[in-house]
Amino acid sequence: MLPRKRDREGVTLEEEQQKKTAGASFQTKCRIGLCGSAELTATNKADSSNITIASNSSTNNRSNIASESPVMALGDSNPPDIDEDLHSRQLAVYGRETMRRLFASNVLVSGMQGLGAEIAKNLILAGVKSVTLHDEGTVQLWDLSGNFIFSENDVGKNRALASIQKLQELNNAVAVFTITTKLTQEKLSEFQAVVFTDVDLQHAIELNDYCHSHHPPIAFIKAEVRGLFGSVFCDFGPEFTVFDVDGNEPHTGIIASISNDNPALVSCVDDERLEFQDGDLVVFSEVHGMTELNDGKLRKIKSARPYSFVLEEDTTHYGTYEKGGIVTQVKQSKVLKFKPLREAIKDPGDFLLSDFSKFDRPPLLHLAFQALDKFVSELERYPIAGSEEDARKLITIAGDINEGLGDAKLDDINPKLLRHFAFGSRAILNPMAAMFGGIVGQEVVKACSGKFHPLFQFFYFDSVESLPSGPLDSSDYRPQGSRYDAQISVFGAKLQKKLEDAKVFLVGSGALGCEFLKNIALMGVSCGNQGKLTVTDDDVIEKSNLSRQFLFRDWNIGQAKSTVAVSAAKFINPQLNVDALQNRVGPETENVFDDSFWENLTVVINALDNVNARLYVDQRCLYFQKPLLESGTLGEKCNTQMVIPHLTENYGASRDPPEKQAPMCTVHSFPHNIDHCLTWARSEFEGLLEKVPTEVNAYLSNPAEYANSMISAGDAQSRDTLERVLECLDKERCEIFEDCITWARLKFEDYFAYRVKQLVYTFPEDASTSTGAPFWSAPKRFPHPLLFLASDPSHLHFVMAASILRAETFGIPIPDWVKDPSRMAAAVDCVMVPEFQPKKDAKIVTDEKATSLSSASIDDAAAISELLNKLELCQKNLSPGFRMKPIQFEKDDDTNYHMDMIAGLANMRARNYSIPEVDKLKAKFIAGRIIPAIATSTAMATGFVCLELYKVLDGGHKLEDYRNTFVNLGLPLFSMAEPVPPKLFKHQDMSWTVWDRWIIRDNPTLRELLQWLKDKGLNAYSISCGSSLLFNSLFPRHKERMDKKVVDLARDVAKLEVPPYRRHLDVVVACEDDEDNDIDIPQVSVYFR
């Protein structure tokens, strides 16, 4: 039991009668209505009769919707506080301030075909204040190819009205409205941003003029998707301020030296590379000696290098640099002057490029979209797919416009490309809508928040390489009266049949997986009689998923992701042939995903969130020679990689370098940034609350077996483990909640006072290294012990969180008064805190290469034996059946006190070392290793991948037709490139790559295998299976194996257990040619069934 003081006079620890809180009256606080100047209010009957507001009631009577005044039913719509459980991944990208600006933004999306639906979905998931859907048209069967909201039952309904209910389900905190009549300019004044996806150029110019001249300006975006071509135009007003150009944290450096020169050279420690650029503005702090730099002034740098830079300042007469100092980048806002569409259409300036192999394409597409607008205005229809006459007319119009461009005239208007443009111009393809929906959704976020650099001002894109490799005649484009007619009008009926008959394996159904399922369903992939989609994911739905995994709803929390996602996908397209599994893909499930499963696949799509799983799937695809479409996101960034048999290198052929890990001694004794503090804090949390209780239970479950395992190990680590187990059950055992408070208070003293005092006792501030250099030189920071103050809320909160969690591990009830600061402070004050006694022989690890804090000793075995004896005595004092309750770290539950304790540990340690502290949210991002994620980059990544899926399923495309992609939506930056081909090996007239696997059938003997290789000009001198050698030419006894079947040798020698679903085994063969040169050959598969 832990020691405690007696209660002070006048202080009681009995539970008080709780104060009754008055019930808060229910009030629907709308995000729209009476909450600001740019609100959506029904100001008169004429306007309100054409506006509808989503109702959460499934019994909403749509027949009366157009004639009634708007009634708002938004569920729990009290929005001002950010729901961190829901938006944690998005907060990691945007931060609180950007999220608050989004929460105050009203957005109009005009045109609810495929692109409009994607944009609205992304904005509603992001959590803007309101989204108003505008469309005067009705749903057609044609729309079902590109819009995930519509079903065949919606045909004939107004598009906006058919969309509102399903979009509202995505986020009840966002108000969703509809407008079904012609939009007036004055109506635009109610919005911070307006997006038009289906508007003619002249009308767009008029609307944009109004938005551009409005005070304040209204952000205007015009976006179009026409077949495999797309465009975006942005105008955020005459002067738009970007508060954060790239979204990165300000870069910092730890100073090692500063010269007294003009200009001065600043060198930093080589702990981490500097990320500064020439022209950056920086501030200095904590500089010793040259204190003139600590004045907080902004200073410009130049000649930025990995570990140094030049300061544009004369430091000749400054004090001499002594030690310390931090240099921090100061990010600057940027003002952009947008031109209105009326001017920009004539003088577009520089286009944002996406594919450098098409550097001349944007000016041509700028012309093409104008020509299409004129075609439609003259004929009041789009060109007919397959109509050469319509294509010629569009080409003629484009030529006429080009002739009037004067000096900007294009030398070649590329009639072949314009023909493709004309044929597909009526179609809105889902992958294009998904891709552009991500881009435009992100631009709206920028317009509403000033976060990230806007697209300035035109962006054009095409994926004409996705068209079938073979020729098509006009009949191939003919509509078939199906939901895929729009897609058929671009690709033809033959490719549509290939899509429907594809056998696809989708690995993962999280954020990427949900988007892929939607795209696959709309494209008709695996929707035919021969088609089959298999989806697997072993995870369940959590609240934090709902902000981007749009197929899930709050009532699905706790359910299997794959099951729910597949069910939602079948609502999008009931024809989808799909199986949902909950198996992890790995060696342990090869009985589920067996040889026949992989052999029957057409393509594999990865939607994974970890590298190891990706590498495993990559090896399976390599082995069975299946195309793999790979993608990933990180906040506003995304990348895609196409892995195509025999054409490209595989995913595992190139890997990112491993992340640099801080040395153990830095984390435990010499932290110099908050990441070090949080790494240490999580390690301590897991050690105290999970690992030690687990070890306690392991001992109590079987003391004899546990003791034997410790004696067998006999090392320092085992000794340390036993010491902690004994300490937990003896000196630190808790029986009542006050014991837990005592434990937490003493932990505070140990961590933040005793250990620091011991450290500075062992290494005083003036200590030197063995070379005579100052011990406390950069990047080390000299620490100072903390004095516990019950009046400091952070001190008290740490003790509260730690005591609650300690009580959980011992199964002790937690009293209600623990959350009362005054009661808690009184209880903490009763704890007896011993005086610190320094240890002269304390060993503190300073070696950066050390991998353990435990130091070996010749007495380890004796110490272990003594500890086990003490444990045996201690066990007798425990109640029968006593077990602890280990706590596994869960970052996404803000009520469990896990992050409270970790943030407390990290911030108190940061305070020891004068490191800036962080709030609980930032601590959660770092300690919880949260991957930043937003819906826009996820949607865009899957759009890119599905454009490649057309190529894969067509089957006739060349390497130069495929594209790998990297995109940073924040900058914005698009980088598309041809994939890298695989390395080619040659021998005689043969050649092979990593994709090749040599196959020998008919259950051969070892002699037959050797002869088979001999016939290829190869002399095999070694054959192995797994880790066993089946044959080596140097071993005479191996010649006795020549007439044995290879499979029998594998069973007898390698002890290989061949499962019944496996029809072959693989052997690795080392070969030479006739001139004794080693030849690397592919893996050899021996088929015996």
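Cβ coordinates come from backbone N, Cα and C, glycine included.
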| message | If you look at how TrEMBL annotates this chain, which of 1-22, 463-484 comes out as region 'Disordered'? | response | 1-22
| task | For the domain 'Ubiquitin-activating enzyme E1 C-terminal' (962-1084), provide the mean pLDDT of the predicted model. | result | 92
| remark: Counted with DSSP (H/G/I as helix, E/B as strand, rest coil), the domain 'Ubiquitin-activating enzyme E1 C-terminal' (962-1084) has 22 helix, 45 strand, 56 coil
| field | Around the Cβ of C665 (active site, glycyl thioester intermediate), the count of other Cβ atoms that are within 10 Å | value | 16
